[in-house]
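For reference, TrEMBL has these:
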TRANSMEM  48-72  transmembrane segment
TRANSMEM  122-141  transmembrane segment
COILED    158-189  coiled coil
TRANSMEM  200-224  transmembrane segment
TRANSMEM  244-268  transmembrane segment
TRANSMEM  301-320  transmembrane segment
TRANSMEM  340-364  transmembrane segment
TRANSMEM  423-456  transmembrane segment
TRANSMEM  508-527  transmembrane segment
Amino acid sequence: MDPQKFSRKLWSARKQLILMLAPLLLLPLLFVVPPKEGKCLYVVLLMAVYWCTEALPLAVTAMLPVCLFPTMGILPSKKVCPQYFLETNFLFLSGLVMASAIEEWGLHRRIALKVLKIVGVKPAWLILGMMITSSFLSMWLSNTATTAMMLPIANAILESLFGNLETLKENCKDKNRSEQKNLKEVRKEAEYQMKVWKGFLISIPYAASIGGTATLTGTAPNLILVGQLKSYFPECDLINFGSWFVFAFPLMLLFLILGWIWIAFLYGGLNTRKHDEREAAEAKAKAVIDEDYKKLGPIKFAEGSITFFFIMFAILLFTRDPKFVTGWSVFFTKGYVSDAVTGVIIISILFFFPSQCPSLRWWFDSRASNTPYVPLLSWRKAQECVPWNIILLLGGGFAMAKGCEESGLAVWIGNHLQPLAQVPPAVAVILITAFIACFTEFASNTATIIIFLPVIAELAIRVNVNPLYFMIPATTGCSYAFMLPVSTPPNSIAFASGHLMVKDMVKTGFVMNILGILCVSLAMNTWGLHMFSLHTYPDWARPLNMNTDAQ
């Protein structure tokens, strides 16, 4: 058979081959590693291979611990199954349901257009407006939904600014007639406009990924950090919605501003050269934004209600136990009320609160229609919007962490990481963030953090460093996937528009990765150091440390 044809057949059957060969190739682990640790390592690496290659759907791979941990004698099913719906999953679910209510009544679109009205229509300011809006929305909505919603708005504004994209491309390619002075000007202006167009499109997925890091519910890895902390260090209560927001929001703002400056510089957004046609186009773009905003009409009762509950959702989560001041949780028995309780209380109201303003006259008007009231959110809508596969993925991560802990695999790995104790902790933070940011370019950020967080926690214990000092940068860094279209769904959506090239994302994303790593390092060694007392080894990590030493 022709080698080229054979290689194509291998490629087309790659997933089936990985499914069959990976379990066989990993079998030697069962004989070279201590029995229980070896079995757990076998399952962990098998799941890592399946997650990274997507040989199975991510959610199906996440359920492998339910099959393999009990049958291989690693963990009984009564300990595995509860990991799939911990309180962390309820917090994530409450965030998703709140997001679906916001989308149901179009509040996210009103917020986006209002921000764009405020920032103006100069290219640099419009890019900033796009990034601010995308990052804010992705703090509460999924990064994918935010990108999918913002791209059509961006394209409409760009078309009003620069006209038809195909015409622009033709003007850029028109080299044969470019010797005439006026045609040179047309080509130069078209090239500038194409650069700005790319800057707009690339800024949206990047800002969505950055914004998701600012809240615990903004992206799944943040919740995996909380879940795994509770598994490994039950006494650690430093990370909750409020304390995470106080740490991560300034980091997000800093990175967003630096990212905006880089994108605006790279794609011509900072060009302030006067041009009559540009001014006319900017006026037209402003009219498009104003017109779209007018079409929304006045704020409806449902939108106002969702806004109120959304603000309550954020305030109650932030003030429950923010650590730097006493929160309202002191009014309840200590340890009883968590972020999950707060989130579920608020979203439960959405399922019975009316979407139309109640009227007393209806009770006394015999001619009024007796149609049933419509709540702000129906369960059918919530079911459609909630990505249940991510809930399973979170559960799979928690089950894997539990298996690593109970089997002793975490300790075994820690013993083999001892040589890394020679690396200064501040340098280790940069290396960990850089490694995770690079790895997540090729794998799901959720799968990445599930695989590496237990190892990083054990590394911190071995080198006698506060575990949060290594775990927080790893968690944040796995959201910094900017270089490839396949790195994240938002990148894929922007790339699928057909206006971006891989080299555009690599060139922009490489510097974005460096900026992100430096921002995380700065945050960890300044305000993060004091917020979480990272300069000391905490008491909540000592019992585990003592146990590992004893073993």
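Each position is counted from 1, following the chain as shown.
The backbone N, Cα and C atoms fix where each Cβ goes, glycine too.
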Top partner of the transmembrane segment (508-527) among 48-72, 244-268, 301-320, 340-364, 423-456 - counted as Cβ pairs under 8 Å: 244-268
Within-chain partners of the transmembrane segment (200-224) [C-beta distance under 8 Å, separation at least 6 from its ends]: 88-89, 91-92, 94-96, 126-127, 130-140, 143-144, 146-147, 150-151, 154, 157-158, 239-241, 244-245, 248-249, 251-252, 255-256, 259-260, 263, 267, 339, 343, 390, 393-394, 397-398, 445-446, 448-450, 453, 475-476, 478-482, 488, 490-491, 493-494, 497, 499-500, 504-505, 508-509, 512, 516
Of 122-141, 340-364, 423-456, whichever stretch has the most CB pairs under 8 A to the transmembrane segment (244-268): 122-141
Sequence-remote partners of the transmembrane segment (423-456) [C-beta within less than 8 Å, at least six residues beyond its ends]: 44, 47-48, 51-52, 58, 219-221, 224-225, 228, 232, 390, 393-394, 396-397, 400-401, 404-405, 409-410, 413, 417, 463, 465, 467, 469-471, 473-481, 483-484, 486-488, 513, 516-517, 520-521, 524-525
Averaged pLDDT, computed only over the residues in the coiled coil (158-189): 64
